[in-house]
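Single-structure report; data block below.
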Amino acid sequence: MYCNICKRNDFKNEHGLNIHKAKVHGIRKQHESAHPPRERHTERTATKRSDETKTASRPTASHEGKTHTTNPRGQVHPHTSNDVVRQSAMIVQMEAIQKCPLLGNHFKGPADVHPQRTKTPSGARKPETPKKPHSATKDDHRTKTPGTPHSADTRTPSSTGTDFGGVRPKTPRGARKPDTPKKPHSATKDDHRTKTPGTPHSADTRTPSSTDPFICPICDGKSFKYEGWFIKHMENKHPGCAFGVVAKGREDDKSDQEKRDSWKRREGSVDDRPSSVAPNFADSFNIKTFEKWVTVAEASIIRQKTDTDETIDCMNRFIKMLESTMNGISHFPLKTFKSGSYYDRTKIDYNDEFDFMFFPDMKMEAVFTNCPPGYCKIRKGVTNSKDLDPYLNKDGFLVPGLFKQAMFDLFEKSLSDGTFREGRRTTRQTSKPGSPAYTILYNLGIHGKRPIDVDLVPAIRIECWPKPAKEIKPDWVKKETTERATRCFHAVMKTYPENWPDGDLLWRISFTHAEKELILHANEKEKGCRKDIFRLLKKIKEVMKSRNSNDIDKFCSYHLKMFMLKFFDKEKYFRNEMKVDLLKKAIKKLGESVEHGNIPNYFIPEDNVIVNVLEKERTLIAKELRALLEGNW
């Protein structure tokens, strides 16, 4: 049978022809639908189906309610009546589908046989609307080229000599090559980002320019248009580095390789820890720009927080167990005070050093009469305890030498005690002559961790503020912090360098408790850069020692601490954007003070803390500091 409208002649029965006319031509036979009417479920139809089931052949007898039926092709299918109707309609509809004579694609009717567009290669942008290719005009407006199909292959039948009959063959994947290359994008008045031929749209080809004045000195010249973006980047990616005026408006000339290497050291593994001064770190100070030097120095002193916390936890457990063991052996009660750069948060390197003071838990008094500045005598306070009587002279003063020897013996017994298992990981170190500390090396027992240098210092705690000390009122910390700082002081055993009457009874006044409180909370009122400048000065000191290890010996961090506390009082503001200028001023004043041989004690101004530093060493330090400011370091 054939259709008298489209002359199609592949219909096997009238039912298929009727469906074709209804679907394609919209002609429906009167009183006949495109699909056969569904049987109503009545008693008659139910009886008929039951009879058909009973007479069904044996292979399908097990399928209750199913019959042997044939589709229009004569194929037998054991389906229900409803399934037969659906299956028949689907088969007839499939047979009515048109095929393209060239491409073989299927369509529902002749009207749908139209040229198909080829797939867009992966990664390429698809046009918003299926319009024809564009061409540029003088006004740079995109216009249509009439008569050209919008596809990957822009050839026309006339140009190729082949008539495709309105259908274009598929273009191989990735072979999209227009005859005329596209015109590259050009910048507009709005300064939009542009694209050059062959450059993916996703690539940002901008280079640092005058329109992006904020450039990161660590990320190979990454630029930022706004200062807020730049500051946010420095806080998130490089939290320990200076920002603002340090890197503003300066491109990375990629010559400072040490700067990038020092930053990589921070992100390296915890086990691969650099020493206080890396082997090639001193060479990095040949940078001509002082601001870049600040960035290098700050990046080099950043320490991983996880490593710091782990070390402190181990040391706190060790000291707690040691104190418990010592109190079990000693005939007088002891307490501990934790000091050092770990606890005031000014540590700058991986050379782990801890200082702990052990003092008797009893009332003691200090006498300052006939004592040089910074020294005092100690005697037992009003108490019934006689635990310290063996270490007193006939006048009732505590003899430093006797007390020191007793404490050193107590350290030795406690560390070798069988109940103190951590003592097996310690090794006694030889102390310098006149040093008040019992020095040990403590192995944490962690792979890759170096042994920790621990100073156990015998001391005496006095619950008052020393009379020779001035009344401090720093306006850069809160009043409560000042009150805590001036609540007490300590006395340690350090020999007075000159001949003095009763010199063997002198104790060195230690303001470790006050120093820790002030330095730890230096930024509590103004979230500024006080502690950052102190850390940078400590780094400068370490670099100077590495460059002149044989000539710089006496100058230490304690001298810097006394200088910085006074510097904090003199300068009113310490905002982060002032860091570089304040550091320059601090270096200049420090060089002058060292050259003149005078750094007064912050708490006792009459006490010169660098009196023991030789003139030759002081001259060399002043020379190094001047060279740093001049860019010749």
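Glycine is no exception: its Cβ is also placed from the backbone N, Cα and C atoms.
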Problem - Mg(2+) binding, same site as Glu353, Asp355 - Swiss-Prot member from Asp309, Asp409, Asp417, Asp455 - result: Asp455
Problem - Sparsest Cβ surroundings (other CB atoms within 10 Å) among the binding-site residues Glu353, Asp355, Asp455 - result: Glu353
Completion exercise
In three-state DSSP terms, Glu353 (Mg(2+) binding site) is classed as strand
